[in-house]
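What follows is a single structure, written as structure tokens, with notes after it.
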Amino acid sequence: MISRVSRFMTTFVSKYLPDPLIFAVLLTFVTFICAWGLTDSTPVDLVNMWGNGFWNLLGFGMQMALIVVTGNALATSPQIRKFLSTIASIAKTPAQGVVLVTFMGSIACIINWGFGLVVGAMFAKEVARRIKGSDYALLIACAYIAFMTWGGGFSGSMPLLAATPGNPVAHLMMSESNPQGIIPAVSTLFSGYNIFITLSLVICLPFITYMMMPKNGETKSIDPKLIAPDPTFDKKLDKDATLAEKMEESRFLAYTIGALGYSYLGMYFYKNGFNLTINNVNLIFLITGIVLHGSPMAYMRAIINATRSTAGILVQFPFYAGVQLMMEHSGLGGLITEFFINVANKDSFPLLTFFSSAFINFAVPSGGGHWVIQGPFVIPAAQALGADLGKSTMAIAYGEQWMNMAQPFWALPALGIAGLGVRDIMGFCMTALIFTAPIFIIGLYFL
């Protein structure tokens, strides 16, 4: 059954799903029209919201571009190539490759979403190189499907924000018993329902992707250039090399800047615990890449080779920033959330919050953005109904991570690394969306 659904969804997506840029543009107009028709915002207001928000994700877009290029450059270092090759050698058949990529990606995304998203795609690429007859598009889809575990992991935006004093919704939860207005991690990340949902995904996702394996003769051929071995970036100097050339290829400079970076990271983690952020992941990738490549210019050549992967991120993120601000400032996000809240009771509230979050995710594919838009409506409603605040908060996170399988926004880094288009993987991802729904329903309603 899973295989049949996968074939249908893949065929459907290949015909009707546009390029992610077209998707972002169409979403802009849909959000504009809905906000105009359903809220008090005028067209002039909405144009201003869109324009004012258009550049709001510049910092975030830079972070995403960096995680792609630094992760890609790190993967092309000789040591990481050897490591990925060793792990990939565990799989001997295309089916084993699919299971291994999904499982490893799921674990990596639980540890840190940025790390898992990039490393998963790089690992899938290595498996495709090693195992002849692999469906490359399915392997890259497996890496993105594994991203479904991130919201309940250690870098999940929602539980971390909810546990942080001064977060955008903290004032709604302040009381004598909770003066800081926080939801502790024991009520979210380390709760029974989150452990059930996250472990169920780790166990079930490899099985689901295994069942998507194409039948004999149905594996799509790909351009061999996509999985061709990456070039080497070291450079041997001649005896008459200039001082400038020697500095450019200097191991001393590479190791010195590496020592500086690792010293900072050591002090940071000593002070803050193992609190990984996207900036820390980027710094780890960058510093480690310089050290492993062995010289500043060898690393720079690897970065130049990787930058072509960032085009989609650089162009599309501003459109999503504009959509997000329209959604937030017009009140459209609140209307959608209130619609689901009004038909809920204490038991069904987290589940309906989950579906409202999934719906909003098309316009706001960001965990932190969901907390800003939905938190002010979800938290008071949960309090009024007597629903579990931790579960209601995590329901927002689950809806976002689940619907990512139908929203190409977060697939852009993986697709950039893989050299594929969104139509190549979204059929598989939407199949995973369908067959993982029961896991979230059981966890939110019955536990």
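Our numbering is plain: 1 for the first residue shown, then up by one each step along the chain.
Glycine residues also receive a Cβ, built from the backbone N, Cα and C atoms like all the rest.
Copied over from Swiss-Prot, here are the features:
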TRANSMEM  17-37  transmembrane segment
TRANSMEM  49-69  transmembrane segment
TRANSMEM  98-118  transmembrane segment
TRANSMEM  136-156  transmembrane segment
TRANSMEM  188-208  transmembrane segment
TRANSMEM  252-272  transmembrane segment
TRANSMEM  284-304  transmembrane segment
TRANSMEM  321-341  transmembrane segment
TRANSMEM  359-379  transmembrane segment
TRANSMEM  402-422  transmembrane segment
TRANSMEM  427-447  transmembrane segment
* **Contact between the transmembrane segment (402-422) and the transmembrane segment (49-69) (at least 3 Cβ pairs under 8 Å, separation 6+)** => yes
* Near the transmembrane segment (188-208), which same-chain residues lie under 8 Å Cβ to Cβ, leaving out any that are not at least 6 residues past its ends? -> 2, 98-99, 102-103, 106-107, 110, 145-146, 148-149, 152-154, 156, 158-159, 162-163, 390-391, 393-394, 398, 431-432, 435-436, 439-440, 442-444, 447
* Asked: Hey, which of 17-37, 49-69, 284-304, 321-341, 427-447 has the most Cβ-Cβ pairs under 8 Å against the transmembrane segment (359-379)?
  -> 321-341
* Structure fact -> Relative to the transmembrane segment (321-341), the stretch among 49-69, 98-118, 136-156, 284-304 with the most Cβ pairs under 8 Å is 49-69
* Hey, which bits of the same chain come close to the transmembrane segment (98-118), Cβ under 8 Å, at least six residues off its ends? -> 67-68, 71-72, 87-88, 90-91, 124, 127, 134-135, 138-139, 142-150, 152-156, 198, 201-202, 205-207, 209-210, 212-213, 276, 278, 281-282, 285, 410, 413-414, 417
* To do: Determine which residues of the chain contact the transmembrane segment (284-304) at the Cβ level, with the cut-off under 8 Å and only residues 6 or more beyond its ends counted.
  => 66-67, 69-74, 76-80, 118, 233-235, 248-251, 253-255, 257-258, 261-262, 265
